[in-house]
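Note sheet for the following structure.
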């Protein structure tokens, strides 16, 4: 019986994780669930899974949850950053699903890493912001990182077993690997005329053709900044050089990523676009767990197509690739600027193509040395958010 903490339990990844966990009651026990402010959704999860602890983002949210639960469960309700760190690092916890969206997920995920847990990494921003620092912490503590993002999980599955034991430190060439190929659908706007991009609405951006995701990640998919963040994450997870990492658009989302070997072989992980598959893989690794996902019916796949992403259509992707090799300060600043810009777009304060403009402006304005501590990274994050908000204020005038 393995005890699990789910960070970001009310989100898409969190709920899919609990869906898989509930299929294996003899293998998993829910130790703690966390959420920011989704009180009613959290109450339902607490009643269903009866965690030992539930953590909310604020005192008021915790008080409301406690009142709503009443005597229905024995769950102890807590709130705040310290409580997040505690349920991530508690001695009773075996596995932590790191699924808090955004920079807010970094600190509790690092707490789990420092405590030597098995960390199922679904939070892109942890590696985007902290990169080498994150990997160094895992090396020191002996924590095991298993990627959950469909693309990184796909690559992980296609690696030799020896490389799977060296997340963050592997030498790809020593394992006969030429390069890694990240696939992306291209989002809902991949085929519309470029001149129509500025008019696209939040509703259209969130209408992903293949995947069911949260609103923020759906917008990131539309700009392909999501793929840019995954590119940065892959650089750190698999210790890539620039020529060992490529991105290709694959509209059908059947192949989730590929590994090109030096002998000419290509290994690809395929499956239905359902996050329960990589979640089940990460939960069960190295064994396989039933996930509830139907197998692929190859007779129903009409075609598998691929193309290069257009720089004009996806400027956010290009910004992310350049930031990846510029330094940790750049990826941290880009992530922060994007979070601010996407939030403004979802509130219809800026247009779709303004997201890239905000990100580019912030990267141009920030002067930073290499980030070598969590405090420095958080300071850069704050500086970038201030710069992004300044851009938005000037835009509104």
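FYI, residue positions are counted from 1 along the chain as it appears here.
Cβ atoms are placed via backbone N, Cα and C, with glycine included.
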(request) Look at the Mn(2+) binding annotation in Swiss-Prot, where 149, 151 are given, and name the residue from 44, 64, 230 listed for that site too. (result) 230
(request) According to Swiss-Prot, 150, 151, 185, 208, 221, 226, 227, 230 bind 1-deoxy-D-xylulose 5-phosphate; so which of 117, 124 is the extra one listed there? (result) 124
(request) Given that Swiss-Prot annotates 10, 11, 12, 13, 38, 123, 125 as NADPH-binding, name the residue from 214, 228, 264, 271 that shares the site. (result) 214
(message) Give me the count of other Cβ atoms within 10 A of the Cβ belonging to residue 230 (1-deoxy-D-xylulose 5-phosphate binding site).
(response) 28
(request) Specify the count of other C-beta atoms within 10 Å of the C-beta of residue 11 (NADPH binding site). (result) 23
(message) I'd like to confirm something. Which of the binding-site residues, 10, 11, 13, 38, 214, has a Cα closest to the Cα of residue 151 (1-deoxy-D-xylulose 5-phosphate binding site)?
(response) 13
(message) Show me the subset of 149, 208, 226 whose Cα is within 10 Å of residue 123 (NADPH binding site); these are the binding-site residues I mean.
(response) 149
(message) Taking the Cα of residue 124 (1-deoxy-D-xylulose 5-phosphate binding site) as the centre, which of the binding-site residues listed as 10, 11, 38, 214 lie within 10 Å of it?
(response) none
(message) When you rank 10, 12, 13, 149 by Cα distance to residue 208 (1-deoxy-D-xylulose 5-phosphate binding site), which of the binding-site residues ends up on top as the closest?
(response) 12
(message) Assuming the binding residues for NADPH are exactly those in the record, 10, 11, 12, 13, 38, 123, 125, 214, what is the maximum CA-CA distance in angstrom, rounded?
(response) 21
